[in-house]
Amino acid sequence: MTDVSLLTALAILFVIIGPLLLIARSLRLSVVPSLILAGLIVGQLGIIDEELMLELARLGIAFLIFAFSVQIHTERVRTTVSDTEVVAIVQALVLGALGVVFALGIGITLELGLLANVGFEGTLGIEQALFVGIAAALSSTIVGTALFAKGQSDIVHDYLSAEIDSFNDLLAVIILLVVSAGVFTLEPIATQLGYGVILFAAAVIVNRYFFGVIELLTGGSDESMLISIVALLIVFLAAAEFLETSIVVGAFAAGLAVRDNPVTYSEVFNGLTSIRQFFVAIFFATVGALVTLPAPGAVIATPAETLSPFLPVAALAFGLVVLTVIVKPIVTVALLVYNGYDRRSATVAGLDMDHVGEFSIIVAIEALILGLLIEPVFEAIILAAAVSMLLSNLTQTYAEDIYRAMLDRGWLGRPYHNVDDWHTVPEGITDHVVIVGYGRQGRRLAQFCEEIDQPYVVIENNPQALSALRDECAAYVLGDAIEPETVEVANYDRARLIISTAELPALTDYFLSLSDTVDVIVRTRELPMAAELLERGATYVIVPDLLAADQLASRLEGLLDGTYGPEEIRSVGLEALGVGDTAPHPSSTDLPTQTDDSEV
Amino acid sequence: MVEVGLASDVAIILVAAAFAGILAVRLGQPTIIGYILTGVVIGPVGVGIVEPSLITEAMAELGLAFLLFLLGIKMRISEIRHLIAPIVKISIPQMAAIGLIGFGLAALLPFTFEQSVIIGLAVMYSSTAVVIKMLNDKGEATSLHGKIDVGILLAQDIVVVIILAVLAAGRPEGIGDVATSLGIVLVLVTATTAAAIAASRYLLPSLFRRIAEDTTLFFLVAISWLFIFVLVSDQVDVLLAPVGIEAYLSVEMGAFLAGLAIAQLPYSKDLQGRVNPLTDLFVMVFFVSVALDFEAADLLAYWQEAIVVAVALMIAKFVVFFALLNWQRFDLETTFLGSVGMLQVSEFGIVVAVAAAESDPPFIGTEELGFITLVALMTMSVSVYFIQYNQQLFERVEPYLTRFEQSDPVKPAGTDHKNHVLVIGYDEITRRAIRILEAQYDDIVVVDRNVEHIKAVEGAGYEALFGDFKYAKIRKDAGVAYADFIFSSSVQLEINEILLEEASEETTVFVEAATTEQADRLYDLGADYVIMAPQLSVVQFIEYLRAYFSDRSTFERAVAADMELLESGLLFPEMKDRGGEDND
């Protein structure tokens, strides 16, 4: 029944998406794999006109890239390469190489006919293998950080995964440029890059000169501005199509052409978000719908014939899942630990990116449309993406437990300390204050201890804080607070007071277990949790909002009863800005800045 | 394997409509006019570079579905309850009168009886799109005459969906046939309405409460909800065919009821802001594609008749509305402004006409469809100027209308906020602030996107507004511009910047910032005080710590006091399973 109208097909798609998303929500799974799954189901019904849906789906790709580009070009471009980006590059190279080798292995097995009756149309050569490599290498921002509602966040690993992911995204755009060249030979790639440069140049010109004109002409009408920006995107897509390069390049350039001004045009940008969410949902569902699974009926009737073309697909997908879910975290953890990060942050960051990223899906679909990728390999990549994203949800939920289990079995080895002065604690220190975390709070607490001549030890797990620790702290330990080496050096048992400014449950639980012998102050932002922690033996619980409210209350009362004039309260606030300086690096203890709502 | 070109028709439509939209904005015309003219220019009437395709048709259908869905979401019964009686008493006679006048005018002109009936049915509504857009632009949507107009428009829209459903059932063969279709339609509409209301009572509250905080999920599930109704009403003939019932429901009706079910939930305002842009986009395609089916000859076939009917209808509409509003004892100004807003023929008139033309066999031909479209176009364009200058017009004519002045007019129900405290994001800091502020202020409004917080706020007796402050709709309802004191505990710089831009000079604004740079910027933008919670909390904590080292009993007292507070349950409930990412 392919005579169903596009509206009906869309309706059926969304009718299936809704309940699946609800189920996924109750299982705490993220949106993207649920969408792919919904597409898979609808795809098996055979009601989707693939070409029509793909046209809508490509608008999804365009909006996804467009939004990414609008957001990226407003961030300051750094010229230095940080150690996390080195990690990202090496990780991508290693995984990419492994992916290629694995796919070639499958290809050779099929070619040699080692398995009777197993195979599919087309050959799995080096080009196909490259795409498998790309899929293995790239994880992405959206699944990695935003879609999953976690409890408290540990900033060190969050920013680790965010940096590696955004590097991956950039890499993906470059790969897409190359893929759109159509063939992997030098000349067309050069031409494509040339076209890309032309589009980007046009984008810059539009941004500089024409965008202001559009702003002026739309005269503050949000609707008109919204349609104009969408039209601008479409013009760039058409230009990309005309130059026979990928629409991804066009969408990326269009993003550069738009001035990011979320304050003046909040409604316009809200509008773009809604439109993007709608089309991106269609995109991921369509991707799922393009995968043909063997019909269950046919499997029972003629198992061998039905399954034989599917077997290599399944093998490829399985291999990709193993590579991304198991090998990738291992590589990432090894690289991060080598760069001086503690084993826990490294593990949690590694488990954040153990999936095939959605940019890989875009690469795959563009390659499929351009005829570069054969359908079985495409299907394998999509299946692997869906499965690995689902598994990724699981590993993120249990990241802390996985870390514990691996640590207990000794799989994580010893902490790698690549600096000699990883701690400066005098031996046999007693009656000291242990300050866990050297963020804004930790720094102020250390200062206070110095003011009152109280010996202290700072524990911090971010290697980027090392220079500040060296300069400012009498005694510090660089490492995770509950690793045995740290415990030994910092001599927790003989401390007078432990103040944990980190909000990780694992750390909090550990310190509370010491509360019989040492005074322990822990921190949480959840009020019911605070009461519980006090009951469990905490000497005091830092609830930032509660403490801040006390301070603020006196100022507000002063303003209302006329003790302060409006000018005075302002100057009190302005003065305070000089005092509370910001931490120079992300620390596990800083309040995470508001994460964006999870968005596709 | 898959050949995909970019949807070139959609591309041309979008680009052309963008230009037309800009042009319309510059000329002070509603964008709808721009879109319809775009269709005229790029379609077969003009240069003929675009023809309707499967994608444009689907997008146009989606546009209508979304427009009615959006309308449904806005129908919060509690907000218009006090106006329901007068609105019903005005809208029914008004539609009957204008329908009859339209029919009469058409019958006098060279139209057949059946065509005249359709013309009568098509011209009796005023344009939701034009009126609501103009009222919003002028800030009059929540004035009394604005509310009356909106209410009447909604009543008209209900009639539209019923008529669309009847038309979808095809040409009646006699009065009995009409009665049967009307009966089936009414039964189906009643059943669907009952399903929608039951869902909004029993299913949706718990469903959406669970997901409302996750914006993507919330949005996609709401769209999924819309499509369930779209699918059922679209396929109702297939569904009922096995039982031997031939029945049709319009997709528009389904979409409207899907929206209506959501409207009664506290999350509906938030959803409006999210659905609106999709509606704008798809409705644009709809308006452009209206003219795509026309040849120039069709649109202009009855141009002289169209001018006559347009002028006559506008006069008739004003007189009928003025008489009815006056009869319902609204004051003179409200009566005049309310009437002058409703002079145009609605886009739904075109929808009804399209449905009549597409019915099998068609009730009207493309020329009559062109005639109705032309009348709608002309009345919409002219009426925009009447709404634009309605106050000046009233001042001019007021002396001549004094005999219609009421001695005891209906008073507007004051629900708008003024000189109030507006709190964005409910957390421990704002809770304490509210306790202090309530000594001086009676009216305290809290905006939050956390379901539990909203419940807590309402439980504490303050007004709560569920929604994302980033959306203009929410800011408008919260009365940002009229607040006396604004307290934002959102650390999203963007939200606070928008807030400072929209708040008036006199308003005292406290905002929260995550970093010193942000705080600096917010002070530059005019914040009276920027809260840096981490810094404040450290200052307070160090006071405690000082006591810990030097004066243990003071420390113990502080701990005991906080412990008491934590156990007292006076605090707002925090969602246990979520982090701090929700208080915007």
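Cβ from N, Cα, C; glycine included.
Copied over from TrEMBL:
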- B:15-382: domain 'Cation/H+ exchanger transmembrane' (DOMAIN)
- B:421-532: domain 'RCK N-terminal' (DOMAIN)
- B:6-25: transmembrane segment (TRANSMEM)
- B:32-49: transmembrane segment (TRANSMEM)
- B:55-73: transmembrane segment (TRANSMEM)
- B:94-111: transmembrane segment (TRANSMEM)
- B:117-136: transmembrane segment (TRANSMEM)
- B:148-170: transmembrane segment (TRANSMEM)
- B:182-204: transmembrane segment (TRANSMEM)
- B:216-233: transmembrane segment (TRANSMEM)
- B:239-263: transmembrane segment (TRANSMEM)
- B:306-324: transmembrane segment (TRANSMEM)
- B:336-357: transmembrane segment (TRANSMEM)
- B:369-387: transmembrane segment (TRANSMEM)
*Against which stretches of its own chain does the transmembrane segment (B:55-73) lie, if we need a Cβ under 8 Å and a gap of at least six residues from its ends?*
7, 9-10, 13, 128-129, 154, 157, 161, 226, 230, 251-263, 268, 271-272, 275-276, 278-279, 281-289, 292, 351
*Looking at the stretches B:117-136, B:148-170, B:182-204, B:216-233, which one shares the most CB pairs under 8 Å with the transmembrane segment (B:306-324)?*
B:117-136
*For the transmembrane segment (B:94-111), which partner among B:117-136, B:148-170, B:182-204, B:336-357 gives the most CB pairs under 8 Å?*
B:117-136
*Top Cβ-contact partner of the transmembrane segment (B:182-204) among B:117-136, B:148-170, B:336-357 (pairs under 8 Å)*: B:148-170
*What residues in the same chain, six or more past the boundaries of the transmembrane segment (B:148-170), come closer than 8 Å to it by Cβ-Cβ distance?*
68, 71, 74-75, 80, 83-84, 86-88, 90-92, 94-95, 121, 124-126, 128, 131-132, 135, 141, 178, 181-182, 184-186, 188-189, 246-250, 252-253, 256, 325, 330, 334, 338, 341-342, 346, 348, 351-352, 355-356, 359-360, 363
*Which sequence positions outside the transmembrane segment (B:117-136), separated from its termini by at least 6 residues, show Cβ-Cβ distances below 8 Å to it?*
30-32, 67, 71, 94-95, 98-106, 111, 146, 149-150, 152-153, 156-157, 159-160, 163, 283, 309, 313, 317, 341-350, 352-353, 356, 363-364, 368, 371-372, 375-376, 380, 383-384, 387-388
_Distant-in-sequence neighbours of the transmembrane segment (B:336-357), which means Cβ under 8 A and at least six residues beyond its ends_ = 32, 64, 118, 121-131, 134-135, 140, 143, 145, 148-149, 152-153, 156-157, 160, 163-164, 167-168, 250, 252, 287, 290, 310, 313-314, 317-318, 321-322, 325, 330, 363-366, 368-369, 372-373, 375-376, 379-380, 382-383, 386-387, 390-391, 393-394, 397-398, 401
*Rounded mean pLDDT for the residues that make up the domain 'RCK N-terminal' (B:421-532)*: 85
*Summarise the domain 'RCK N-terminal' (B:421-532) by DSSP state, stating how many residues are helix, strand and coil.*
48 helix, 25 strand, 39 coil
